[in-house]
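Annotation comment: TrEMBL describes B:13-380 as domain 'Cation/H+ exchanger transmembrane'. TrEMBL lists B:32-56, B:68-87, B:93-115, B:122-142, B:154-177, B:184-206, B:226-255, B:291-312, B:333-357, B:363-381 with the feature transmembrane segment.
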Amino acid sequence: MVIHEVDVPGVGKQYEVATSGETRFVVIVHHDGRREIYRREGPDADAEKLFDLDAATAREAASVLQGTDFRPLDLDDVEVPLGDAIMEWVEVPADSPVAGETLAAAGIRAETGATVAAVQRGAETLANPGTDTVLEPGDILVAIGSRAEQKALQSLVATGEGETA
Amino acid sequence: MADVLFETGIAFLALALAGALAHRFGQSVIPAYIVAGVVVGPYVPTEVAGVSLALVTHGEFVTTAAEIGIVLLLFFLGLEFDVSYLLSQGRELALLGSVDFLVNGAVGVALAYAFGLGPLGAVFVVGIVFVSSSAIVTKSLTDAGWLANPESRTILGTLVVEDIIVAVYLAVLAAVVGGGTLAGAATSVAGSFCFLAVLALVAYYGSDHVERVFDVGPDELFVLRVVGVAVAVGALALSVGVSEAVAAFFVGTAFSTTDLVERIEHLVTSLRDVFAAVFFFAIGLDTDLRVVAGVALLVAVAALATTASKLTSGYAGGRLTGLDPRRSARVGIGLLARGEFSLIVATLAAASTVPAIRETVPPFAVGYVLVMSILGTVAIAREGVLTSRLA
């Protein structure tokens with residue numbers, strides 16, 4: 001997607017977003033914080049003003065557009081979705097006995113009870129890896145499980161021996 | 001004391017009423033504020049149905065508040081001034097500015113000579129008829145929903161160049177008016193430019209410090225500091241014979257690259273609008289409609305000739321910036337309104353030592369601005385009728 005930004009002298013800045021098709025979505029941000037929203041049917045069409053928002057309303061509207069969930073977060077409740085499970089980052093050492101094996105063959109789930117939610121490999125993140133994902137030395141496993149399961153996983157990755165919780 | 005407060009109260013009420021009426025009819029507030037001044041001022045109409053209407057005199061408060069209005073108007077112009085925009089669009093803006101200034105300036109010179117105002121009169125008339133009103137045009141473009149259209153970039157770009165020309169022009173004019181003789185004027189212009197050059201350099205290199213010095217927590221302390229500096233530097237300029245308006249412009253530029261712009265816009269804009277309203281009101285107080293009627297022919301000819309010239313220069317500017325014919329015509333229409341700058345020039349003319357200029361130019365400017373501000377606003381609102389055949 002391309003957003004064109006131009007100065008509107010004495011007024012503020014104009015942002016033009018090319019949406020699918022010819023229609024453009026134009027936002028003018030005034031120096032005083034006001035935002036005007038226009039729609040243009042095509043590059044040569046006249047702009048049609050849709051909304052006039054003050055700065056505060058514009059910010060709220062923007063978070064709606066971003067899809068941000070608004071419910072205030074109560075810190076005491078943060079751990080509830082995981083129950084007594086915690087999330088840990090476990091690195092696969094270079095000499096790990098499970099390196100080169102798939103998640104299934106290494107028996108991570110079966111032996112330790114911990115679940116691998118994602119694998120970070122360099123700059124890449126493999127989210128929700130399948131049981132056939134092959135582990136490589138240097139991988140960082142994002143694992144969910146109880147403290148005991150986490151401990152078993154660390155042991156499995158390091159020594160090949162999982163102490164089942 | 002009660003008298004002064006009473007007059008001030010009437011002044012603000014008259015402005016409030018005039019502003020509300022203008023708003024109701026979709027007009028610019030500037031002509032309405034002038035008319036408010038005329039109505040409650042010392043000249044005709046002086047009474048209605050036996051009730052005196054000469055309610056407000058042009059006292060010290062009005063004079064001072066009007067002066068602060070000019071300072072804040074130009075301060076904001078500086079505040080919104082964007083050097084990087086200017087540099088990036090340099091060629092295009094120079095082209096727009098030259099067409100605009102040459103075409104409309106030439107008409108101004110012709111008008112001044114045709115009506116026997118001489119070379120000095122021509123200098124004043126050029127200033128009055130050439131500059132469009134940034135305030136009215138920007139407001140009208142916003143109201144008409146043109147801001148997101150390509151022509152508004154050409155219109156606003158032209159306004160930016162005009163602002164620069166006005167800054168230089170006012171600096172020269174203020175010095176010429178104060179200088180008296182030709183040699184005196186030359187010295188005065190030179191001195192004035194030295195002062196302004198120093199101010200511009202301080203503004204340019206001092207931006208970082210400005211940010212630190214002015215970044216105070218409480219809003220009221222912030223507003224006081226900003227207004228204090230703008231007015232004090234303006235006063236300093238005036239005391240050495242330099243245009244206070246142009247000095248305020250440079251103070252504004254010192255803030256233009258800082259993060260304080262939004263805060264100033266947010267907190268000081270309404271203060272500027274109140275003082276600017278008093279400035280327009282003060283113009284109205286000094287206006288004797290009988291004198292304006294005496295220059296009616298000049299006003300009418302000037303309105304016709306400069307409407308034609310602005311439409312021409314605007315159209316040319318539009319075509320030069322690659323707009324289609326209809327949008328180019330809109331550029332001319334968009335730039336028709338004249339306002340605050342023409343009136344600032346008029347206040348300088350009122351201080352001229354030449355009687356013909358002192359007596360003719362200010363009433364001409366008032367009549368001209370009344371016509372052109374209304375014409376400009378109406379033309380933008382009715383643009384569809386005017387340009388539909390060009391589509």
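Using the three backbone atoms N, Cα and C, a Cβ is placed for every residue, glycine included.
In TrEMBL, annotation is done automatically, which means it is predicted and not curated.
Note that this is a predicted model, so its numbers are computed, not measured.
Of the candidate ranges B:68-87, B:184-206, B:291-312, B:333-357, B:363-381, B:291-312 contributes the most Cβ pairs within a distance under 8 Å of the transmembrane segment (B:93-115). Taking Cβ pairs closer than 8 Å, the transmembrane segment (B:226-255) reaches residues 67-68, 70-81, 83, 167, 170-171, 173-175, 178-179, 188, 191-192, 195-196, 199-200, 202-204, 206-207, 210, 214, 261, 264, 268, 271, 344 in its own chain, all 6 or more past its ends. B:363-381 is the stretch from B:68-87, B:154-177, B:291-312, B:363-381 with the greatest number of Cβ pairs below 8 Å to the transmembrane segment (B:32-56).
The stretches the transmembrane segment (B:291-312) and the transmembrane segment (B:184-206) are not in mutual contact, being linked by fewer than three Cβ pairs under 8 Å (pairs 6 or more apart in sequence). For the transmembrane segment (B:122-142), same-chain residues at least 6 beyond its ends with a Cβ under 8 Å from one of its own Cβ atoms are 28, 30, 73, 77, 100-101, 104-105, 107-109, 111-113, 152, 155-156, 158-159, 162-163, 165-166, 169-170, 173, 176, 276, 302, 306, 310, 334-342, 345-346, 348-349, 352, 357, 361, 364-365, 368, 373, 376-377, 380-381.
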